Each structure stands twice: as C-alpha cells, then as structure tokens.
Amino acid sequence: MTAGRVNPYSIVSSEEDGLRLTTMPGINGFGNGKIHTRRKCRNRFVKKNGQCNVEFTNMDDKPQRYIADMFTTCVDIRWRYMLLLFSLAFLVSWLLFGLIFWLIALIHGDLENPGGDDTFKPCVLQVNGFVAAFLFSIETQTTIGYGFRCVTEECPLAVFMVVVQSIVGCIIDSFMIGAIMAKMARPKKRAQTLLFSHNAVVAMRDGKLCLMWRVGNLRKSHIVEAHVRAQLIKPRITEEGEYIPLDQIDIDVGFDKGLDRIFLVSPITILHEINEDSPLFGISRQDLETDDFEIVVILEGMVEATAMTTQARSSYLASEILWGHRFEPVLFEEKNQYKVDYSHFHKTYEVPSTPRCSAKDLVENKFLLPSTNSFCYENELAFMSRDEDEEDDDSRGLDDLSPDNRHEFDRLQATIALDQRSYRRESEI
C-alpha cells in the first residue's frame, strides 16, 4: 500500500491569514452568481493564548479599589513591577526611620557634640549625621547588627522607634514573601502546557454531524477532575430590538451524559453533537463562510501537585472551523506502550463525503448520506501499518526458503489465481 493513495486527502495548514472568503451575487445575475471576495474577520473576544481581549475604561475610583485589595494587586501585576514595588517599600521605610532617628539625634544634641564631651551620652551611638542615621535604620530593620551603632537608654523615644521599625520590617517581609509565594504557586502557568488545536472541524461521527476540537496535556502530571465546556459568542438582536454585541450561548459537550469530564493522559477530541438544541443546527458550510461568531472553549481541572484549580482557554472564529475535515491520529501503539506524536496534533485531513448542508437539512432528509463504509484516513494508516508488518513477515519467510523451495513457490504463485478481494479499497469491502 503506497503513500500515493492518500494524496487526495489534503493536510490543512494551521496558519491563518486573518481573512476569509465571502460570496456576493454577480453583476446582472450572469455566470454562477457568486463572486469570491475577502473581508476582515471580527475581533476576538478570547485570544488563542487564552487572554481576554477586553479593555476597561472610565472606571471610577480604580486606584483606590486596587490599593484596597493590595495583595491581589501584587499577585496579579508583573514580576518587575512587584519587585520594584517592594524595593521602593523597603527604601521608603529605611529613609523614613533614618530621618526619624536623625531628628531625634538633632533634638537631643547628638550632632552638636560628636564626641568632645565624655560625660555626654547620646541617644544613638555613632550617629553623627543623616547618613549614619540611615545606616542605623537599615541595620535595625534588617537585623544586620554591625555593633558600631546602638540605641542607649538615654532616649525612650529612640527605643520606641526601634521597636516600631522592627514590627514594620516584619510586616513588609511577611507581605513580600506571601505575595511571591502566591505568585509562584499560581496554577495559571500550568495552562501553558495545556494545548488546544489551532482549528476546529465539522464532520460526521456515528451518523451525526459534529463539531470537534482537540485538547492535549504536554506534561506527564495529570489534571485532576478535568472537564471542558464551550460557549458560542455572537451579536444578537432581541425581539424588542435590543442589540447584544456579545451574546453567550452554551454549547453542550456531553454534560448530561458526563462526557464533559475527561481523562487527559493523551490528546482527546472534544465532541459537540449538532442537534436541535445546538446553536449551530441551522448552519451549513456556505453559512460558515459568511457567518460572524466565535466559539470559546475552556478546560478546567486541578493541578496534581498543588490541588489548585487551573483553567486553559482558547477560541475559534468561524474562519477557523474547517468543514468536512477530521484530525489526524496522534496516538500509536509501539511495542509495549502507546506513543503520542504531537507533530500531527494540529493537522487535519479532508473528508469529501461530509455533507455540505446544515444539520437541520440533514435531519429533514434533504441530503443523502454516503455509504457508511467510506474511506477513512485512520483506517488507511492502520492498514498501511498492518500491511507493512505482513510484508516484513513474508519477506523474512521467503529469505528462509532454500533455492529449490523458492523455485517451487514462484511456480505455484504464477499458476494460482490471486484473491481479488484483497486488492479492493476499503469502501468496496
């Protein structure tokens, strides 16, 4: 079985140029009445990497609200800004308490008598200026304790400020460590190793028209209680004339039957049956080329290492849904284990037998389904693999024959008629 048999079944590239074909009537109705044009796709509500394409503006009291929830703000901001914020917090606290100690020394007269009078006892030893007071503040808050500068019992206010600075330093340290640990332990980055296919496909599955997309896990650690859900987002005008720019409609992926809960060890194809309850029930292949909607897909579960919930998101525009395609197989059995080849994860192949009409027309018997034994690419790969194994076994068996036995085998092979059934295509079997 040669590779030339699969040439009619093209592989679709995952790269999209952001444009799609639309149709419009021809001039004066001549010709086939269709002129192919290109128009720009709608803006995404959810980007392919899962980020929401939303910008908030004109928010009242935004800074005050963010400061009131300081911990969440520190966890959500970027690392560079968080480290800069804590560095500024430490620097401001050192400068503030350094200024306080300098003022205490100035009021007590420590700066006027740096060491000339042996009977004079300063509030803080070896603090003769602002720089020395600043260094004493750093040593106090960080508990370095070089030993040259220390507070005496001469000034109770200085002793009290040492206690206050120690407490403030502990609060800043605790807040910083907690924010850093919370930011590092967030399961958000776990979504970087959860993969969605670049395209969704529409094809027949068990005699029903279905929308399918593929999800995969790049890590060997499992996603516990993994489940999927999807929503269709498109503009809608209500019966009262109200325009809803982003109307969200749930897409059933088997919630009632428990099919939305998956065991994500190898890549899995998520399936949505296009039936009477589906928002895609009346959409045909031609409608898909001109329609304006977006399907947001969500994968949720708990990280096995931390038991924290993570969520991975992606979306498919109408131009990214391939009608009449199926995903290439990625799971193969090799020796005593299964092998997942992610080089085929995003690739699809065309299924010409897929009806072009909508599921609604299909239910109303407006389209005659092809034979259920139509050619299948996965079966072709399986047959190729089986035939190669059989050819290897046959070749090894022929090599073991003696010259006399080989001559007898060639003579019998030339006289015995071959079984024609073994040379028919799968669609004829």
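Just so it is clear, glycine is given a Cβ too, placed from its N, Cα and C backbone atoms.
Going by Swiss-Prot, these are the annotated features:
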type	residues	note
TOPO_DOM	1-76	topological domain 'Cytoplasmic'
TRANSMEM	77-103	transmembrane segment
DISULFID	Cys123-Cys155	disulfide bond
BINDING	Thr143, Ile144	K(+) 2 binding site
BINDING	Thr143	K(+) 1 binding site
MOTIF	143-148	motif 'Selectivity filter'
BINDING	Ile144, Gly145	K(+) 3 binding site
BINDING	Gly145, Tyr146	K(+) 4 binding site
TRANSMEM	156-183	transmembrane segment
TOPO_DOM	184-429	topological domain 'Cytoplasmic'
COMPBIAS	395-407	compositional bias 'Basic and acidic residues'
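Structural mapping of features recorded in Swiss-Prot.
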| residue | record | Cβ contacts under 8 Å, 6 or more apart |
| --- | --- | --- |
| Cys123 | disulfide bond | Ile104, Ala105, His108, Asp110, Val151, Thr152, Glu154, Cys155, Leu157, Ala158 |
| Thr143 | K(+) 2 binding site | none |
| Ile144 | K(+) 2 binding site | Ile138 |
| Gly145 | K(+) 3 binding site | Glu139 |
| Tyr146 | K(+) 4 binding site | Glu139 |
Task: Same-chain residues near the motif 'Selectivity filter' (143-148), Cβ under 8 Å, at least 6 residues beyond its ends - done: 125-126
- [ ] By DSSP assignment, list the helix, strand and coil residue numbers for the motif 'Selectivity filter' (143-148), in that order.
- [x] 0 helix, 0 strand, 6 coil
Open item on the list: Just to be sure I understand the packing, how many Cβ atoms besides its own are within 10 Å of the Cβ of Cys155 (disulfide bond)?
Closed with: 20
Open item on the list: Restricting to the topological domain 'Cytoplasmic' (1-76), what is the model's mean pLDDT?
Closed with: 62
